[in-house]
Every structure is written in C-alpha cells, then in structure tokens.
C-alpha cells in the first residue's frame, strides 16, 4: 500500500511545482508588461518628461516589455512540454531564435546603459556642451539606434546551442561543437561592456567628490584713491551710495568683471544648484538600474563561464535555475526602481493618474472653502 501511494504523491508534488512555476512566470509577465507599458505611456503623455534621459529610459522599458513578451511564454511552453512528456525542448530553429532574442535584448540593455552612463557624465562634468549638443531628442535617437545596431551585430548569428534539457533554460549557453569560441566571445563582450559602464559611473563619482571639497574664499581688496571703491573686490556699495546722494566727488568708475545676463545662447551659466540636484537624481536612478542589471545577470554569466570553460555539469542545477529566474525578474523591475529613485516621475504619475492619490494628497491639492458655504 505504501509503495502504491508513492508515485501518486510524487506526481502531485510535480503538478504543484509546475503550477507554482507557471503562476510565477505569469505574474512576472503581467508585472513586466503592465509596468513597462504604464511607464511608456507616462513618458509619452507628460510633456515635462520629453527630454533625452527619459527617451532613453522609454526605449529601455519597451525593450524589457518585448523581451518578457517574447521569452517568458516560450519558457512556459517548454515547462508544460517537459512536465507532460509531450516532446523535447524546442528544435534547432526555435532554440536559435530564442537564443538570438535573448542575446539581442541583453546586449541592447548593456549598450544602452553604457551610452546613458556616458551622457550622465557629460551632463555633470561638461554641462554647457551637454546642454547645447546632447540634450535634445536627436542625441537620444542616435544612442538608441547605435544600441540596437551594436546589439544586433553582437547577437547575430546566434552563438548559443541547445545543450540542456532543463525547461527553465531550453537554450542553454554552450560551446559550439566545432570548438569555435562563440559563447565565450559573447560572455567576454558582455563583461567588458558592463565593466566599462561601471567605470564611467566611478569616474563620475570621483568628479563629484572632488568638486565637493570646501575651499576658503579669497577676498580681493577693492581699489580706492578718493573713497570710490572699484576693481575686482568692489561690491557696488560705493556706487549705490553715490547714486542715493550720500557721496561727494566725481562719479565712480564702472564696475569691472560684471557681465549682463541676457537671454542669449551664450548667457547660459554653469550647472546651478537645482539643475545639479536634478542631474544627480537622474544619475542615481540610472546607476540603480545599471547595478541591478549587473546583480541579476551576474550569476547567470558566472554559470555560463563555468559551463563553457569547465564542463556543462560543473554548475549545480539549483544555482543554474535560480540564476535563470533572476534574469527573468530583470525584465520587470526597472519601472519599480525608477519610481523609487525619481521624485519627478512620482509627481508626474500623480498628475496623470489622480485616482492613485491618497485622500490626504487629494484634499491638499483641491482645498475646500468652508467659509464660502456658511460652515
């Protein structure tokens, strides 16, 4: 009796595991599509977000949504086939197509984040050049096209082969049978791009830290021969006193070193405090997205290195499954991170969707005049 009940128990456990896996994949798919589509609509509808950084973020969110829509249903289908024993994982053509799409979206995110890091550095370190040349939509369009072109060149032809029978990774990262180091080149290029992105942000951190050092003010004394103070250290008080009628003697000379601030193109100053805070918030948000990309793709890249360089069985199956699921989670986590790190996005979201506001916020936004109705 005990032996007869064991197969049924194992079958029930496998069915429960399959149901949990399909439910989790469905949840990831829905969260990714809902978050990325909502984020894209917010950027398109809000005019204050029509700037180059948010255009790049829009492209990143659309790519994540397409990746979730293309890859997660294939993983769900492979899981159902493996559980029902209805056939092997996808054939050679299907496996190469899935491998190409996975490599394309992965490299697109890596190259786009590298371009974003470079533009963030220019926005802080060379703000005048960035404001004149790179702040519009043409720069964002060029970066997006370059990211897609480089990703297409890196992912085509597919270098991944169907080497595993696991339903989580039906197209596992394997070395080619003829010994061509295709998968190894794929991994090395990805590591170089991600490492270069973090080096750019590290250089930006050093730049901000060097400019935060307090330097003592060097006071230049004003020149005075007849009580009319002028020169580099003059504050204009003597001229103001003379104009008000408190002075005697000749008219003081014009102050040196004061340039009139006009509305022209050359009148734009360096990075002021509010602009600096806005650029810093954008840098924090994009670096959080870049760091999460490294943390969620890092375990899978390490496992792939071990499978390519050592042997396919060198990686424990539990670690490989967990690393693959982390890459699935990366497709839907970017909108959450952006809303957490960017106050401007939260304000625009409340303005575009008033139904999501709390009652206290709504009452503060639309006050009611009780005296006007006699209360």
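Our numbering is plain: 1 for the first residue shown, then up by one each step along the chain.
In case you wondered, yes, glycine gets a Cβ from its N, Cα and C as well.
Residue 95 (disulfide bond) carries a helical DSSP state (H, G or I). The annotation disulfide bond is assigned in Swiss-Prot to 95-171.
Swiss-Prot lists 3 with the feature N-linked glycosylation site, giving sequence analysis as the kind of evidence.
According to Swiss-Prot, the feature topological domain 'Extracellular' maps to 1-23 (among others), an assignment based on sequence analysis. Confidence annotation: the topological domain 'Extracellular' (1-23) carries a mean pLDDT of 66 in the model.
Residues annotated as topological domain 'Cytoplasmic' in Swiss-Prot, with sequence analysis given as evidence: 45-55 (among others).
Annotated topological domain 'Extracellular' per Swiss-Prot: 77-97 (among others), in sequence order, evidence recorded as sequence analysis.
Secondary structure of the topological domain 'Cytoplasmic' (119-139) per DSSP (helix as H, G, I; strand as E, B; remaining residues coil): 18 helix, 0 strand, 3 coil. The topological domain 'Cytoplasmic' annotation in Swiss-Prot covers 119-139 (among others) and rests on sequence analysis.
The topological domain 'Extracellular' annotation in Swiss-Prot covers 161-181 (among others), and the record cites sequence analysis as its basis.
If you look up Swiss-Prot, you'll see 203-285 (among others) marked as topological domain 'Cytoplasmic'.
Helix, strand and coil counts under DSSP for the topological domain 'Extracellular' (307-320) come to 10 helix, 0 strand, 4 coil. The topological domain 'Extracellular' annotation in Swiss-Prot covers 307-320 (among others), and the record cites sequence analysis as its basis.
Marked as topological domain 'Cytoplasmic' by Swiss-Prot: 342-375 (among others).
If one looks beyond the transmembrane segment (24-44) by at least 6 residues along the same chain, the residues whose Cβ comes under 8 Å of a Cβ in the stretch are 50, 54-55, 57-58, 61-62, 64-65, 68-69, 72-73, 75-76, 79, 328-329, 331-332, 334-336, 338, 345, 348-349, 352. Sequence annotations record features per position, and here Swiss-Prot assigns transmembrane segment to 24-44 (among others) based on sequence analysis.
Taken from Swiss-Prot, the feature transmembrane segment covers 56-76 (among others), and the record attributes it to sequence analysis. Within its own chain, the transmembrane segment (56-76) is flanked in space by residues 22, 25-26, 28-29, 32-33, 35-37, 39-40, 43-44, 90, 94, 98, 101-102, 105, 108-109, 112-113, 115-116, 119, 140, 143-144, 147, 167-168, 170, 286, 289, 328, 330-332, 334-335, 338, which lie at least six positions past its ends and keep a Cβ under 8 Å from the stretch.
What Swiss-Prot lists as transmembrane segment is 98-118 (among others). Remote same-chain residues near the transmembrane segment (98-118) are listed as 53, 56, 59-60, 63-64, 66-67, 70-71, 74, 90, 143-144, 146-148, 150-152, 154-161, 170-171, 186, 189-190, 193-194, 196-197, 200-201, 204, 286-287, 289-290, 293, 297 (criterion: CB distance under 8 Å, separation of at least six residues from the stretch ends).
The transmembrane segment annotation in Swiss-Prot covers 140-160 (among others).
Marked as transmembrane segment by Swiss-Prot: 182-202 (among others).
Same-chain residues lying 6+ beyond the ends of the transmembrane segment (286-306) with a Cβ under 8 Å from its Cβ atoms: 53, 57, 60, 106, 109-110, 113, 116-117, 120, 173, 183, 187, 190-191, 194, 197-198, 201, 314-315, 319-320, 322-324, 326-327, 329-330, 333-334, 337-338, 340-341. As annotated by Swiss-Prot, transmembrane segment applies to 286-306 (among others), with the evidence given as sequence analysis.
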With DSSP as the yardstick, break the topological domain 'Cytoplasmic' (45-55) down into helix, strand and coil residue counts.
8 helix, 0 strand, 3 coil
Can you tell me how many other Cβ atoms are located within 10 Å of the Cβ belonging to residue 95 (disulfide bond)?
21
